[in-house]
Amino acid sequence: MIMTARHFLDLKDFSFEQLRSILDFAHELKRRLKAGERPRLLEDKVLAMIFERQSTRTRVSFDVGMRQLGGQTLMLTGQEMQLAREETIEDTARVMSRYVDAIMIRILSHDDLLDLAGASTIPVINGLTRRSHPCQVMADIQTFEEHRGPLEGKKVAWIGDSNNVLASWVHATALFGNKLAIACPREYWPDQGLLSDIAEVGDAVSLGTDPHAAIADADLVITDTWVSMGDTDEGERRRILKPYQVNPRLFSQAATDALFMHCLPAHRGDEVTDEVIDGPQSVVFDEAENRLHIQKAILCWAFGIENL
Ligand code: CP
Ligand code: NVA
């Protein structure tokens with residue numbers, strides 16, 4: 001597929017240097033905003049945001065980020081577009097490319113995302129698919145760096161089912177020099193595509209079923225909802241994933257200064273207890289805030305602006 005624009009679809013499409021540069025820019029944009037500066041780098045640019053599923057953070061942070069950069073947004077849902085009446089995703093891309101300057105989309109089918117990007121002459125940003133959530137993991141890395149410095153050499157533990165956020169963490173691990181220990185029940189094991197991504201990363205990723213082994217001495221502990229958008233077997237999931245709850249007993253096995261992250265929304269009492277998510281080592285709201293800063297840097301990159 002020949003891509004004619006700067007799309008942000010998956011972390012594995014990037015080199016370390018490219019992602020480093022986006023992260024450095026996000027740190028700088030955050031510093032500037034806190035100092036009261038709002039460089040209008042995307043003056044008059046229009047971002048179309050298409051949501052096939054619910055969102056709080058992605059929707060609000062992209063919208064506010066564009067406004068802070070001097071741009072504008074259009075909020076659309078798949079249901080109210082002709083997409084719902086079988087207009088193809090490629091034709092949708094061709095039409096949108098004539099009106100707006102970039103598209104951010106949340107759509108469960110990753111193949112549809114790729115088809116949209118393939119037919120689009122303007123940048124397309126992945127706002128979550130069933131397969132990956134790259135903006136989230138960029139925000140996670142920004143947050144880790146703020147609190148603990150470089151990720152290189154650190155141990156990240158993923159506790160729970162295999163899902164889109166985990167996939168983007170696997171892709172990040174291939175580039176950032178950290179280790180990733182995954183504890184996941186056999187029933188919700190990575191699919192073939194993610195297993196081959198894991199195999200490509202090599203020894204930096206370990207995959208097992210034991211949450212105690214994965215969390216041991218971890219510098220960063222991450223979990224996510226047990227029921228992702230599009231999952232249908234909620235009751236079964238809550239039963240099988242119960243031993244993977246991040247509670248004080250499990251979290252105490254991580255390094256003493258370990259951070260806790262969760263992309264949110266959290267289901268308190270399921271994948272994480274209040275003591276951990278509200279505890280002193282939790283950085284979940286910094287993580288949510290950083291969606292704003294990193295996505296501003298991603299938007300600027302998509303428009304060819306890489307520093308101030
Ligand atoms: N973490 C995240 O993407 O949140 P939303 O579903 O609220 O956008
Ligand atoms: N894994 C979750 C992330 C939500 C932001 C989901 O796909 O629903």
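A Cβ is built for glycine as well, from the same backbone N, Cα and C atoms used for every other residue.
Quick caveat, the model's predicted, so the values are computed rather than measured.
According to TrEMBL, SER55, THR56, ARG57, THR58, GLN82, HIS133, PRO134, CYS135, GLN136, CYS263, LEU264, ARG291 bind carbamoyl phosphate; the candidate from ARG31, ARG106, ARG239 that the record adds to this site is ARG106. ASN164 is the residue from ASN164, ASN290, ASN307 that TrEMBL records in the L-ornithine site together with ASP224, SER228, MET229. Using a 10 Å Cβ-Cβ cutoff, GLN82 (carbamoyl phosphate binding site) registers 12 neighbours. Comparing CA positions across the binding-site residues ASN164, ASP224, SER228, MET229, the one lying closest to GLN82 (carbamoyl phosphate binding site) turns out to be MET229.
Note: the domain 'Aspartate/ornithine carbamoyltransferase carbamoyl-P binding' (6-146) comprises 75 helix, 21 strand, 45 coil (DSSP; helix = H, G, I, strand = E, B). Here the domain 'Aspartate/ornithine carbamoyltransferase Asp/Orn-binding' (152-301) has, by DSSP, the following mix of helix, strand and coil residues: 70 helix, 26 strand, 54 coil. Taking Cβ-Cβ distances under 8 Å and a sequence gap of 6 or more within the same chain, the neighbours of ASN164 (L-ornithine binding site) are LEU128, THR129, ARG130, ARG131, SER132, HIS133, SER228. With a cut-off of under 6 Å between the Cβ and any atom of ligand 2, the binding-site residues SER55, GLN82, CYS135, ASP224, SER228, CYS263 reduce to ASP224, SER228, CYS263. In this structure, the C-alpha atom of ARG291 (carbamoyl phosphate binding site) lies 19 angstrom from that of MET229 (L-ornithine binding site).
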